[in-house]
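Per Swiss-Prot, GTP binding site is recorded for ASP17, HIS18, GLY19, LYS20, SER21, THR22, ASN134, LYS135, ILE136, ASP137. According to Swiss-Prot, the feature domain 'tr-type G' maps to 5-187.
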Amino acid sequence: MSISIRKKNFCIIAHIDHGKSTLADRFIQKAKIISDRDFKSQMLDSMEIERERGITIKSQAVTITYKSNDGDFYELNFVDTPGHVDFSYEVSRAISSCEGALLLIDASQGIQAQTVSNFYMAFEHDLEIIPVINKIDLPNANVDFIKKQIKNDLGLNDELAISISAKNGIGIDDLLEAICKYVPSPKGSIKDPLRALIFDSHYDSYRGVVVHFRIFEGQIKTGDKIRLMHTNSDYLIEEIGVFKILLERKDRLEAGDVGYFIAGIKNISDVKIGDTVTLCDCPALSPLEGFKEVKPVVFSSVYPVDANQYDDLLRAMDRLKLNDASLTFEKDSSSALGHGFKCGFLGLLHLEVIQERIEREFDLNVILTSPSVRYKIIPKKGKSYFIESPEQFPGNEAIESVLEPYIRANIIVPTEFLGNIMSVCLLKRGVQTNLIYLNTKRVELIYKMPLAEILFDFYDKIKSVSRGYASFDYELLDYEYTDLVRLDILVNGDRVDALSQLVFKDSARTKAVGICKKLKDEIARQQFKIAIQGAIGSNVIARETISPVRKDVTAKCYGGDITRKRKLLEKQKEGKKRMKMVGNVEIPQSVFLSVLKSNDN
């Protein structure tokens, strides 16, 4: 028996802020799966930070029932996906569990970098792509121009494009009819051995890991004994169901269904995203094609401001890891900042989100060190290895060469700002590999550049020089040779490990001067002179001096005898010299926080 033609699985993909979550809200309201009293905007964005920033961080699946104009009932399983490049892996998972995709395009902004990236991802997975022009209610909306972009830039049939306003609910019925008509029904048979793809999971404090999965073949019911094919571990199904905002329990799920199961799994790391679920008593012969394991690309250490809160921070990291398998961390320590954790993130936005969640959800104040990437060290003797922090960087005399990760940057910008964007990319060590005129008004730039150069202000700069019109997307390439050095900051000759950085040699002096000046402004004056230095190895490349606080020791001297005054000044000078020899400069953690923040900018 083949599965019902009335099931449709699709995802909503788009560039950031093109209206994906708003469209999902309209679908939910149309299906009446939640009362008007309980409804709120960004219904599928469960985290407070998602609502505040107006972004989607975690993909969310939901099942609705829709009665089409032909009188048939359709079960629509759809996934609302993130738009930011840091979370593109979430989009790839959603695409793998669907047969169709709604490609949302802002009627006022047109096709952007992430639009193109998501389109190709859906195209490579052979999804039926329905172009949707959103925000047609805006005064500067240009639907005809967007249709030309859809036809010329993406090669899609512009006549199939559906014009909507998700905010005002215009065109939603037409879009639902198009989904029922054009999105293919799932293939597969319930008679075949069970093969289901795990595409996500989350942790429930009471029931353990809740696994999100899509069934491609076979069927599953409560009480079945399942096997995860890659980890070869067996579990007993305690509960299965579908997503209808809240979890809705079902007795059985079959091929074509998107749902969840609970099987007493206590640790989220036991569930590998992309694994295949099958039955123990009738296993499938081969697993489904899974996903590449997500690897962190940005590294930073996190420390509690109050050293007594280390155990609280450990608990917070463990809890966050339960719901975010892409977060990695291990114990770390610093002489300046105490005990903390070295963490791996998917990008700067991911880092900011984790920091905010620690501070909000667990009421902890934390300091993060300067983000860095993973470098490859080829020593003069021995095998090559990777490092993620300045402390791991060996002396230059032991290194044969250093390699750093590169990216392929894809920037779409109006032609009037082309020169500005090229100047920014040049400053960031970018090498132009292609330039494509999409039309007379818009151009696509392809650059190869180091990942480390886009960590801090690259996105802000291209937005600034293009008045907000530039869009940016990137993908990781391979490692290439670089001229890397470790920049150390010394205060009175002592290295401050929390402020050490791995930097490109040509920009080392500029960074060193900036940090030294900032420290001079932040560190309180002492009764002795304080030297602040930026150094590469034994070579000092920048210096600032904080002059000592001087007491007027000659105030009690009267008359014109200069020798008495000289004796008092010499005595003061000797005392300050002894004080400098034995005095340690206490650097408050607020100073580290200020310097690290200014360094990010």
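Cβ atoms are placed via backbone N, Cα and C, with glycine included.
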For GLY19 (GTP binding site): intrachain residues, at least 6 apart, with Cβ closer than 8 Å: LEU104, ASP106, ASN134, LYS135, ALA166, LYS167
Fewest other Cβ within 10 angstroms of its own Cβ, chosen from the binding-site residues SER21, ASN134: SER21
Neighbour count (Cβ, 10 Å) for ILE136 (GTP binding site): 20
Local backbone state of ASN134 (GTP binding site), from DSSP in three classes: strand
DSSP state at GLY19 (GTP binding site), helix/strand/coil: coil
